[in-house]
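Straight from TrEMBL, the features:
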- B:Cys169, B:Cys176, B:Cys193, B:Cys232: [4Fe-4S] cluster binding site (BINDING)
Amino acid sequence: MSVQPKLSLGPILYYWSKEDVLAFYERVADSPVDIVYLGESVCSKRNLLKLDDWFELADKLAAAGKEVVLSSLALLEAESELKRLRRICSNDTYLVEANDMGAVHLMQGRPFVVGHSVNVYNDRTG
Amino acid sequence: MELVCPAGNLPSLKAAVDNGADAVYFGFRDDTNARHFAGLNFGPAKMAEGIKYARQRGVKLFLALNTYPQPGNWSRWQQAVDQAADLGVDALIAADIGVLDYAAEKHPGLNLHLSVQSSATNYEALQFYMDHFGIKRAVLPRVPSLGQVKHVVESSPVEVEVFGFGSLCVMVEGRCILSSYATGRSPNTYGACSPASHVEWKETPQGLETRLGGVLIERTGKGETAGYPTFCKGSFCVGGNTYHAIEEPTSLNTLEILPQLLDAGVSAIKIEGRQRSPVYVAQVARIWRAAIDACKRDPQHYKPQADWLAELGKVSEGTQTTLGAYSRPWQ
């Protein structure tokens, strides 16, 4: 039996204006994409969209039939960044993309996606 | 606070031991460690001699096994872990989860230090490695500020080691693949940013040209020193100006903030530079030994001596030093 491959869209890596981000996801909602990775994964200083804005976007995309995965930061240093991460990881609606081992730790016991910035080079790591 | 010094070969190991290191770190002569440079590291005979030399003088030995094995070469890393356990090193410095998992399961008595190459910058990550592999210590990447280091140490389940001196890069350790675009290899899997086979120096009428993987990255005039050939420290033409567009060659030097690092509860200071000469190791180890001792004796009145700074400046990349990410006065 063949499995129908799904199409997923990674998180925005650029620093776009809030309007551009919202307009972009309006179009994504109508696109054939199945899975949408959502959130800030590059830099915590980029805060044109607050975490609540991302959650709101997630709900909209989910309502449009998309499978939403919340992406998390690739580099966590400050406590404020960990606080945000805890909020993402403690949500009980969406899957989380862990981009740092701190996120992997917080997601233990629950399914999650390992992002590209986590070093997975061999099967013993998996 | 321990002083951990680099030992790229036997003369450097002896220089570190003789000049006050509490511990030395070293690697096997292959791509299982992140200083996989031609002519560097230890074959079996020199390793046995080095271990004996350090042991007799009460200096600890940390073996760096901090690159990432892939399915095709996994067995070599596995053998390296077994060898490290047989050698009875005081700790294994590892980054890969598979390697850590294997070492923890097969050799539960072997102390594990989390390598800087694991990119662990926060205490939640350290907790993960502690819970699963029982790491005893973690080496922090050179990216958190001093305040953040302090915060990590306060909440960390394990000892924290930080870099005190040595060459500095702009990237987060364990996550840089910049050189792979020209060489097809990366520090994570090959253990070097600039594989010797991909480096080319050529005298031209315009000066000495350095190429990495065929890409021109530096042109140095007469009397100028050609640095270690990496992309991040190369000169590039941007907007009509040719300069160190990504990062100026520089070394980290934290002598100035040693009292704060001590006060923060940092367990060990690491000196970078397994690729450097025994003379470098001797000089840097001697100065840092004196500095740590002075700081422990009287942290209130500790001040780095002018001659220490001058000497370290001379052996620094680009003969300049910085506090790097530790200092963020704008925050």
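Placement of Cβ uses the backbone N, Cα and C atoms for every residue, glycine included.
Recorded features from TrEMBL, shown on the structure.
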| residue | record | DSSP class |
| --- | --- | --- |
| B:Cys169 | [4Fe-4S] cluster binding site | coil |
| B:Cys176 | [4Fe-4S] cluster binding site | coil |
| B:Cys193 | [4Fe-4S] cluster binding site | coil |
| B:Cys232 | [4Fe-4S] cluster binding site | coil |
Residue, out of the binding-site residues B:Cys169, B:Cys176, B:Cys193, B:Cys232, whose Cβ gathers the largest set of other Cβ atoms within 10 Å:
B:Cys193
